[in-house]
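Novice: Per TrEMBL, the feature transmembrane segment maps to 12-35, 55-80, 87-110, 130-150, 162-186, 206-226, 238-259, 283-302.
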Amino acid sequence: MSDKSTTTAAKWALLIYSILTLRHFGIAMMLQFIMNPQFANVHENFLLYTKTYNSLMIWVGYVPAVLMLLSAISMIWLAPNFFPKKAVYVSVVLGMISVVTTLWVMMPIYKQWAITGYNAAQNQHLLSQTLYFQIIPSALQVVILISFLHTYLQDVKRVAKWIFLLVVVLNFYNMGTTSIEGSLAYPLWETVGAKDWLAYRQTPPNILFGIMFVFAAFSPIFLLIAMYWRRPKEIPKYLVTSYLLLVFYLFVITLLYFVPDFQVPLNNVHSLPLIKKLGTDDLIYRAPAGLALQVIVAWMFLKIKPSILNND
């Protein structure tokens with residue numbers, strides 16, 4: 001394989017590994033602190049709720065988890081030589097622990113609940129196991145990834161490096177949280193009965209959801225403004241502008257349309273038509289812009305040409 005082909009493979013491998021690792025962490029955080037605690041407040045249609053959850057999780061959670069592990073394993077061969085091999089192997093082991101927890105702890109409990117109903121003791125066991133064997137390993141994977149990206153971006157000046165690194169981390173983390181919100185939560189809301197609705201909506205504290213989801217989704221606005229003056233030299237200003245306009249659009253449409261027309265009314269009353277319209281409008285007005293953000297950050301990443309790759 002030519003040096004150019006090796007360099008290209010290494011860049012793509014690191015990008016895919018970054019996307020899947022950060023996306024997996026976002027998914028794990030949402031499941032642990034938002035989705036799993038809500039099971040306790042579903043009574044009317046619990047079996048339907050759990051069966052829907054199981055069918056959606058195949059593509060929203062289980063398949064991406066396996067892909068994350070495969071991408072980590074691929075780094076054994078495709079990672080640049082300047083990444084410590086021990087760290088690569090540790091990341092693979094952490095990924096295995098997280099995926100095993102997903103497939104052999106979480107999935108069996110969800111499937112059992114779809115048959116036998118909710119079990120509070122099992123849910124406590126689930127939350128404990130996923131904290132120690134999914135959240136913590138996933139967080140450590142992110143720490144290792146950040147160390148890799150820090151090395152990869154060593155040609156970039158310190159401030160510009162950390163701004164761009166934070167954009168990458170938050171952007172692909174948000175890819176996981178929004179996939180849970182749009183592809184899992186909204187369809188599940190349609191199965192929750194009117195009697196359970198208010199308690200169900202109040203399960204995750206608003207401040208927790210605000211930090212994990214809202215703040216992480218819109219804080220890149222400030223980072224992108226800073227990127228006009230501090231960014232890797234290979235990233236053109238038009239990509240920064242495109243990202244900033246899209247995330248500002250998402251902020252405005254969420255603040256002026258989705259919050260007052262959907263989220264606030266649903267905090268006070270159950271409305272199946274409103275829930276269905278929320279899911280439809282989210283797919284039409286926010287999902288395409290969210291996808292475009294992922295493409296722009298990936299494009300930014302691929303434009304960077306670290307000299308360290310040439311010395312690999």
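Cβ coordinates come from backbone N, Cα and C, glycine included.
Situate these features within the shown structure.
Specialist: Within its own chain, the transmembrane segment (55-80) has Cβ neighbours under 8 Å at 9-10, 13-14, 16-17, 20-21, 23-24, 27, 31, 88-89, 91-92, 95-96, 98-99, 102-103, 107, 110, 141, 148, 152, 176, 179-180, 183-184, 187-188, 308-309, 312, counting only residues six or more beyond its boundaries.
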Novice: Mind checking which residues reach the transmembrane segment (206-226)? Cβ under 8 Å, same chain, six or more beyond either end.
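Specialist: Contacts with the transmembrane segment (206-226): 29-30, 33-34, 163, 166-167, 170-171, 173-174, 177-178, 181, 240, 243-244, 247-248, 250-251.
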Novice: Which range out of 87-110, 130-150, 162-186, 283-302 gives the transmembrane segment (12-35) the most CB pairs under 8 Å?
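Specialist: Per the Cβ under 8 Å count, 162-186.
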Novice: Who are the long-range neighbours of the transmembrane segment (162-186) in its own chain, taking Cβ under 8 Å and residues 6 or more past its ends?
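Specialist: Counting only partners 6 or more residues beyond its ends, the transmembrane segment (162-186) has Cβ contacts under 8 Å with 18-19, 21-31, 34-35, 53, 56-57, 59-61, 64, 142, 146, 149-150, 153, 156, 212-213, 216-217, 219-220, 223-224, 226-227, 230-232, 235, 275, 278-279, 282-283, 286-287, 290, 293-294, 297, 300-301.
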Novice: Counting only residues 6 or more past its boundaries, what in the same chain has a CB within less than 8 Å of a CB in the transmembrane segment (283-302)?
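Specialist: Cβ under 8 Å, 6 or more out: 11-12, 15, 18-19, 164, 167-168, 171-172, 174-175, 178, 182, 232, 235, 239, 242-243, 246-247, 249-250, 253-254, 257-258.
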